[in-house]
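According to TrEMBL, the features are:
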type	residues	note
BINDING	GLU203, HIS265, ASP278	Mn(2+) binding site
COMPBIAS	58-84	compositional bias 'Acidic residues'
REGION	49-92	region 'Disordered'
REGION	334-357	region 'Disordered'
Amino acid sequence: MNYSEEALAFSRIPASHQVRISDRISYLYLERALIRQDRTGVIAIQTDDAKAGAPEAGEAEADDVEAGDGEADEAEADVSEMSDAEAKASVKDREKTEQLKLRIQLPVAGLGVLVLGPGTSISHAAMASCARAGCVVVFSGGSGITSYAVATPLTSSAKWAIAQAKLISSEVHVKEAARKLYCKQFGEGVIKGGTLQVMRGLEGRLMRSAYREGAKKAKIKGFKRNPEAEDPVNAGLNVANSIMYGVASTVCSAIGVNPALGVIHRGNARALLFDLADLFKARLVVPLVFSCAHEVEPVAEIRRRLRKEIHRQNVLPTMLDVLMEILEPHLPHRDDDRLLDDSGEVPGHMQYGKDEE
């Protein structure tokens, strides 16, 4: 296929010219598909086998998919010269190519999170493109609950990471930041002058109230939150929470901060993600999950509705604003490259030391 120069130029847009994090689509979920890099960017390839849910729908390479009719004819002519094993393998490869069903261009430069579910595989080149674009790639387990994420920061500056280190190193500053986070949930007037213990109690009551109201509206009796349970609501809450953690991971990756260094939550590699996601659990996640409890496919419906609400309620830019607000007081005065010196700092990117004569 021939591509225009404009299309090829789009595939080479540097990170500094990509879509701002506040303007991105929150997430895209894919399962049973091949994620590959072609000349114009990242694509998703889905075959008939993948559509039917076959677990092996991840073997064909992108080059196989793009093979033309002429190449197929040549392959058939060569079969007679192969051994039986080679011939069978060749036929199997062609069958996979012929089973091509969907080929979707993925706008990774405009995505916050790319969630890859069961039956997916991603090539090295496609993963590199996602990283350059600042798109978080989440490999999700059963029902999208367990996951891990990798991304490259959209910023080349270390200033936000330095601010985070300064914040976390002071217990006084951490408590101030925790109060700010609680204020975002309850409002300034509700917790004015309150201790962290009081705020924690308010959060617990808020969540219990949200579960109670959601169960009442959905007409579900005796609901209890249990992450291990498999009923539609508990399973849906697990999925929705994981999506929110992925969105929070995008925000952390965008400015290069460590998601393990939380403010309220501690001791978990996703502590800061919990802090940011908690801002939306009671007023967004819980009501939405209960509203999908009686759907034919509740988990799929939760993913669709949550994506719309993340966009409608500006979740990505709000998380980013909150994170920057608690880190801003601790930003360094300079963010240029420099070196440590006995008397302070000296400019970086310079050769020091005189040549010996």
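Don't overthink the numbers, they just go from 1 along the chain as shown.
Each residue, glycine too, has its Cβ placed from N, Cα and C.
In this structure, ASP278 (Mn(2+) binding site) is part of a helix by DSSP. Listed in sequence order, the residues of the same chain lying 6 or more apart from ASP278 (Mn(2+) binding site) and placing their CB within less than 8 Å of its CB are LEU181, GLN185, GLU203, ILE264. Counted with DSSP, the region 'Disordered' (334-357) comes out as 0 helix, 8 strand, 16 coil. Excluding GLU203, HIS265, ASP278 themselves, the residues of that chain whose CB lies within 8 A of the CB mean position for the Mn(2+) site are, in sequence, LEU181, ILE264, PHE274, ASP275. Residues near HIS265 (Mn(2+) binding site) in space but far in sequence (CB under 8 A, at least 6 apart, same chain), listed by position: ALA271, LEU272, PHE274, ASP275. Summarising the environment of GLU203 (Mn(2+) binding site), the number of other Cβ atoms within 10 Å of its Cβ, over all protein chains shown, is 19.
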